[in-house]
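For reference, the structure discussed in these notes is given below.
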Amino acid sequence: MERQNLTVPKEFILMGITDRPELQAPFFGVFLVIYVVSVVGNLGLIILTKIDSRLQTPMYFFLTHLAFTDLGYSTAVGPKMLVSLVVDQHTISYNWCATQLSFFIMFITSEIFLLSAMAYDRYVAICNPLLYKVIMSQRLCLLLVAIPYLYSVFLSLLITIKIFILSFCEYNVIRHFYCDSLSLVPLLCSDTHEIKLLILIFSAFTLVSSLLIVLGSYLLIFVAILRMHSADGRHKAFSTCGSHLTVVVLYYGTLFFMYAQPKSKNSSDTDRMASLFYTLVIPMLNPMIYSLRNKVVKNALTRTWTLCANILLKIHCKMC
């Protein structure tokens, strides 16, 4: 039976990270630093891979798009959350809520499949090193990036439109710090069977298919490593996929923790903490992981820094 008091709300109320005023200022400081580091790190990685010719390889092509998606979904959530902590205003307009939901779904879905594409790239690099440049052609790389983006745009529009064409009840409190599909569905007064089924089917397909590609790629990688007789060869192979494997474990580990934990009265708080981790912390960690564990990136950063310093020095000399 449909619930009564159907309405089109002008705004929603976000519960936010915490309802304790004394924690809002410390949380603002911590998450502002995290967000700024994330933006600088991911933008820096994108710029670095574009201007350094030694980073014009398939691996860094995918890494550029990973940094772009990290920047995308953290920006879809972060600024609004930070503003809410500063002004103590937890409302979000109806249209902005729909916009935030669509961009978040688009970027988060793209990232999941980009991690799968990067796993396949590492498989080819380790198991077929001599044919790596032939197999990972520019055309294939573009295809492996275009498909996730097209699918994520389709899924984002489908879920967002399906939710926002339905009628909401007068109760407009979202039990989260951003507009999430699972948090919006309970506010609907219309029949939610179809939208719940769509979310379940597409979420399961996205997570399972991407995870199977990652697991399959790394299973073949580990088999190839075990067959190597040289200790140096094994070490090089592990270092080749170490950064990506770390990111995969962090990302899927957080998602598994969110969805596999038993539901309890404190599960919503735990979900918010886990959501904070993968929407803000992981985008900050990814460029660090790929930079600190990667000599090629560190060398490229050093060359770029030296080049910029020399240019500034020349400009200063001319002005003097």
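Quick reminder: no glycine exception, Cβ is built from N, Cα and C everywhere.
The list of residues near the transmembrane segment (25-48) in space but at least 6 beyond its ends in sequence, with Cβ under 8 angstroms from a Cβ of it, reads 17-18, 55, 63-64, 67-68, 70-71, 74-75, 78-79, 81-82, 85-86, 276, 280-281, 283-284, 286-288, 290-291, 297, 300-301, 304. Residues or ranges marked as transmembrane segment by TrEMBL: 25-48 (among others).
Taken from TrEMBL, the feature domain 'G-protein coupled receptors family 1 profile' covers 41-290.
Annotation comment: TrEMBL describes 60-78 (among others) as transmembrane segment. Within the same chain, residues 31, 35, 38-39, 41-43, 45-46, 49-50, 100, 103-104, 106-108, 110-111, 114-115, 117-118, 121, 141, 144-145, 177-178, 279-280, 282-284, 286-287, 290 sit at least 6 positions outside the transmembrane segment (60-78) and bring their C-beta atoms closer than 8 Å to a C-beta of that stretch.
Positions annotated as transmembrane segment by TrEMBL: 98-120 (among others).
Annotation source TrEMBL lists transmembrane segment at 140-165 (among others).
Same-chain residues lying 6 or more positions outside the transmembrane segment (197-225) and placing a CB less than 8 Å from one of its CB atoms are 109, 112-113, 115-116, 119-120, 122-123, 126-127, 155, 158-159, 162, 181-182, 185, 234, 237-238, 241, 245, 248, 252, 255. The transmembrane segment annotation in TrEMBL covers 197-225 (among others).
Annotated transmembrane segment per TrEMBL: 237-260 (among others), in sequence order.
The transmembrane segment annotation in TrEMBL covers 272-292 (among others).
Under 8 Å from some Cβ of the transmembrane segment (140-165) lie the Cβ atoms of residues 58, 61-62, 65, 98, 101-103, 105-107, 109-110, 112-114, 117, 120, 181, 184-185, 188, 194-195, 198-199, 202, 206, all in the same chain and six or more residues away from its ends.
Within the chain carrying the transmembrane segment (237-260), a Cβ under 8 angstroms from the stretch's Cβ atoms is held by residues 111-112, 115, 118-119, 122, 125-126, 207, 211, 214, 218, 221, 224-225, 228, 270-271, 274-275, 277-278, 282, 285-286, 289-290, 293-294, all 6 or more beyond its ends. Listed by sequence, the residues of this chain that lie at least six past the ends of the transmembrane segment (272-292) yet keep a Cβ under 8 A from its Cβ atoms are 17, 31, 34-35, 37-38, 41-42, 44-45, 63, 66-67, 70-71, 73-74, 77-78, 176-178, 180, 243, 246-247, 250-251, 254-255, 257-258, 298, 301.
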